[in-house]
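Here's the structure, in structure tokens; my notes come after.
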Amino acid sequence: LGRMKPVIVVHGGAGRIFKEREEGCRAGTVRAALQGYMVLKKGGSAVDAVEEAVRSMEDDPHFNAGCGSVLNEKGEVEMDAIIMDGKNLDSGAVSAVKSIANPIKLARLVMEKTKHMLLTDQGAHLFARAMGTPEIPGEKLITERSRERWKKNLEPDSNPEEFQKDLGTVGAVAIDREGNVACATSTGGLSNKLIGRVGDTACIGSGGYADNHSGATSTTGHGESIMKVVLARLILYHMEQGMSPEVAADTALDYMKTRVGGLGGVIVVNKAGEWAARFSTKQMSWATAKDDELRYGIHAGEEHVQSLGEALVSASAGL
């Protein structure tokens, strides 16, 4: 049997990426893709690779996940994350977790150490404690930028919707040498959201889906819209009907836009190792590594290509 060539694709969120944050978002998604790809190159699993890529972005304050998450109406961080293994459709997710640095790691523990798929709030915290997951003070996850935005959104004439455009959910999809696929997605949710609001990220089939029979996808964008059309599963459905990753992604995003007026972005890999990064928002930071080549971009139609060697040199400052 010919072994698969490993592929990883990551996104750092769809929306409007403000000029002064572009470089940081680009560097962060590239770093995550490289770290995930190195896992795959060493023979690691797709699940290991997507977890590693997402952990890298959770630790990067440029993204709305882990450190740098946006704040809810009460000024607190509440995070959601999901991971899924395409081999047997195992999945683990957490929602509304507050003082955990890496919700994606907790989601993986839910997948591997429980019979359940989704733990929320207090239950997720009790489980984290039982697993010895390090807790950190909630303030440690809050950046100056998140607090500023939260304050702005509290002003009587503010329009939180305006700020929602700069979302920054993070995600990754991969296929490993064995041909197994996986996805992972993590987010701080919507700025100034109601306490206890859970978006698409923690919901299987919306925030992500992985099935060896077709492929894997991770989504970003307006969570409520994504949930209405079950976006991740919809893309895989289109691929099962014979569409390429790119056409499947565009078809599903177009349907979400026309049917419910929702914008977003997706990354996809199919079981043959073909990939796509597509979005209906103004921007989405994305990066992919395949055949020892790195590609990345933020704007529609933008695609930079680097050899793995070049990419590692230019990223090593941050790696």
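One is the number of the first residue shown, and numbering goes on along the chain from there.
Glycine residues also receive a Cβ, built from the backbone N, Cα and C atoms like all the rest.
Unlike curated entries, TrEMBL annotations are predicted automatically.
Taken from TrEMBL as is:
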type: ACT_SITE; residues: Thr169; note: active site, nucleophile
type: BINDING; residues: Arg197, Val198, Gly199, Asp200, Thr220, Gly221, His222, Gly223; note: substrate binding site
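On a Cα basis, Thr169 (active site, nucleophile) lies 8 Å away from Gly221 (substrate binding site). Looking at Arg197, His222, the binding-site residues in this record, the fewest other C-beta atoms within 10 angstroms of the C-beta turn up around Arg197. The residue listed as 'active site, nucleophile' sits 15 Å from Arg197 (substrate binding site), taking the C-alpha atoms as the reference points. Long-range neighbours of Val198 (substrate binding site) (same chain, six or more residues apart, CB within less than 8 Å of its CB): Asp80, Ser95, Ala96, Thr120, Gly189.
Site extent for substrate: among the recorded binding residues Arg197, Val198, Gly199, Asp200, Thr220, Gly221, His222, Gly223, the largest C-alpha separation is 16 Å. With a cut-off of 8 Å between CB atoms and residues at least 6 apart in sequence, the same chain places Asp80, Thr187, Gly189, Leu190, Lys193, Gly207, Gly223, Glu224, Ile226, Met227 near Gly199 (substrate binding site), listed in sequence order.
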